Amino acid sequence: MESSGPSSCHSAARRPLHSAQAVDVASASSFRAFEILHLHLDLRAEFGPPGPGPGSRGLNGKATLELRCLLPEGASELRLDSHSCLEVMAATLLRGQPGDQQQLTEPVPFHTQPFSHYGQALCVVFPKPCCAAERFRLELTYRVGEGPGVCWLAPEQTAGKKKPFVYTQGQAVLNRAFFPCFDTPAVKCTYSALVEVPDGFTAVMSASTWERRGPNKFFFQMSQPIPSYLIALAIGDLASAEVGPRSRVWAEPCLIEAAKEEYNGVIEEFLATGEKLFGPYVWGRYDLLFMPPSFPFGGMENPCLTFVTPCLLAGDRSLADVIIHEISHSWFGNLVTNANWGEFWLNEGFTMYAQRRISTILFGAAYTCLEAATGRALLRQHMDVSGEENPLNKLRVKIEPGVDPDDTYNETPYEKGYCFVSYLAHLVGDQEQFDKFLKAYVDEFKFQSILAEDFLEFYLEYFPELKKKGVDSIPGFEFNRWLNTPGWPPYLPDLSPGDSLMKPAEELAELWAASEPDMQAIEAVAISTWKTYQLVYFLDKILQKSPLPPGNVKKLGETYPKISNAQNAELRLRWGQIILKNDHQEEFWKVKDFLQSQGKQKYTLPLYHAMMGGSEMARTLAKETFSATASQLHSNVVNYVQQILAPKGS
């Protein structure tokens, strides 16, 4: 289908956005009354014992916010997002231009106000109201110790077991527990930071510039505007190695060789393919930081420096799609951002689509369809557990005041979002035209935060012939239905190119489900050549058919040590689920072993669900495993596991 091309819908002035009026019930801040222009952090990290009291671990220093008043009538107070774990000691207002003789510096009163269980408001009162369009700086002296935004790890929670480690995790609303801010994805600013660390430690941040300033100080600058949730810091015993012209890996010294081996030369190929499809990579560097094993996520797309789980060091480059996913966020999420967390699908649905476009070009359609089929299976699993009509199974989630956006996290924005973007590509009917559209979309909305309306209006402007046809209101596929009706996606992309890989896996699973497995037929299937996702797909089918007839799981494990003794986390997760679903108690230790080796939420929670849904022995295993590993898990993951072990109202 011929496109009108970007020229006809591109005006020199930026279009007015629906998102300019969007509310964010998860922020206590006055982000519509002030524009944040720049943030500077000046922090000193201290590793001591946990808890309050002198000498305890914490970050001490200052946050300086450069702001401009947007209200025509001026303003007499400013509200920032903060948290009870932040102790603000002083607030100073700097009026006039920096370096100006007339610059006024005055201490200003401040107080906190309750907001929700995940944050509070920090209210700064101006002695003299600021005028419309006035620029000023606010300097806050503060300290943060224990809290949800800054994660302190004892040496035993790291890979090297020798030195402590600290990192921050901002998404979704945790950076208010790192520094006072407008903690909403609706607004963006540049930032800089000066971080002082103890001897023998290195600091890294999500910034385009990294400089050593003396033995223990590091300076960072992010020259592109980003939302607060993407500002990230990590401090530990870190080494680095170059793996491409604009990429290096960072990791603890004991992991650096494995990290280099796994990713040397491959990242540039992913980046270059992304640029061909979606336009220039604007962030300068793309580095990877391999986190300690307790890191709860697969990856966090902090710009310039993606934080990733060490589970990706599979030794065979088989989990590189996670890196492709995080790289895809460089365009979708980091450059064009959801304006509030109810629109999370704009970040994740597009990123899944982009990841699978890159993967199709590099690894072929069969492999990508197979990977997408495992994603679809996860969505099916989620909807079976939560109920299709659950309001969280809409693309646009209504987040109620007081609800932590993190608690709405599930597969829907990823996989149903992917289906919606695929449906829009299907309406266009020409992959090349849709790729061009995505490039134009990124260019149109770069460095901005948007709502679904902004995107869909642009789509219909770009393809006027589709607008004329009324594709937004085709019965059963209405855009409004996609966004606001819970349940299974109305359209599923065709994954049949993956049949050549899926069919053999389905047939093999069928053989293992027989009460008397035909070992001759089973041994005729050479799984030694299968890629990881083919094995994952096979295990998903085995799990669906479980419990298998008695003795079959034991035999399956003996037949395929490649699966039952795998080091690959995706295989270990599914083997653990199969062990539990079949109550194969002699291998229960493998579940505990896996949960002790890492703390990724995506692997941890399903195994606790499986243990608590299993036999008495399995439930005992859950409690024993949790008491052995709780101290090494992220606080959010601890809370979720506790809810599985003792559901509210039980």
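The backbone N, Cα and C atoms fix where each Cβ goes, and this holds for glycine too.
It should be emphasised that the depicted structure is a prediction, and the values quoted were computed from it without experimental measurement.
These come from Swiss-Prot:
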ACT_SITE  Glu326  active site, proton acceptor
BINDING   Gly298, Gly299, Met300, Glu301, Asn302  substrate binding site
BINDING   His325, His329, Glu348  Zn(2+) binding site
MOD_RES   Ser7  phosphoserine
MOD_RES   Lys446  N6-acetyllysine
SITE      Tyr414  site 'Transition state stabilizer'
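Positions of the features from Swiss-Prot, shown on the structure.
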| residue | record | CB count, 10 Å |
| --- | --- | --- |
| Gly298 | substrate binding site | 21 |
| Gly299 | substrate binding site | 21 |
| Met300 | substrate binding site | 25 |
| Glu301 | substrate binding site | 24 |
| Asn302 | substrate binding site | 29 |
| Glu326 | active site, proton acceptor | 24 |
| His329 | Zn(2+) binding site | 24 |
| Glu348 | Zn(2+) binding site | 24 |
| Tyr414 | site 'Transition state stabilizer' | 23 |
| Lys446 | N6-acetyllysine | 17 |
Cβ neighbour count within 10 Å of His325 (Zn(2+) binding site) = 23
Smallest Cα-Cα separation from Lys446 (N6-acetyllysine) among the binding-site residues Gly298, Met300, Glu301, His325 is shown by Glu301
Does DSSP put Glu326 (active site, proton acceptor) in a helix, in a strand, or in coil?
-> helix
Among Gly298, Gly299, Met300, Asn302, Tyr414, which are recorded as recorded positions, the nearest neighbour of Glu348 (Zn(2+) binding site) by Cα | Tyr414
Students should find that the Cα atoms of Gly298 (substrate binding site) and Tyr414 (site 'Transition state stabilizer') sit apart, in Å rounded to an integer, by 14
Cα-Cα distance linking Glu301 (substrate binding site) and Glu326 (active site, proton acceptor), given in Å to the nearest integer = 5
Cα distance, His325 (Zn(2+) binding site) to Glu301 (substrate binding site), nearest Å?
-> 9
Between the C-alpha atoms of His325 (Zn(2+) binding site) and Tyr414 (site 'Transition state stabilizer'), the distance in angstrom, to the nearest integer, is 11
Compute the mean position of the Cβ atoms of His325, His329, Glu348, which form the recorded Zn(2+) site, and then list in sequence order the other residues of that chain whose Cβ is within 8 Å of it.
-> Glu301, Glu326, Ser328, Phe332, Gly333, Asn347, Thr351, Met352, Ala354, Gln355, Tyr414
Cβ-centroid neighbours of substrate site Gly298, Gly299, Met300, Glu301, Asn302, 8 Å, sequence order | Phe297, Thr306, Phe307, Val308, Glu326, His329
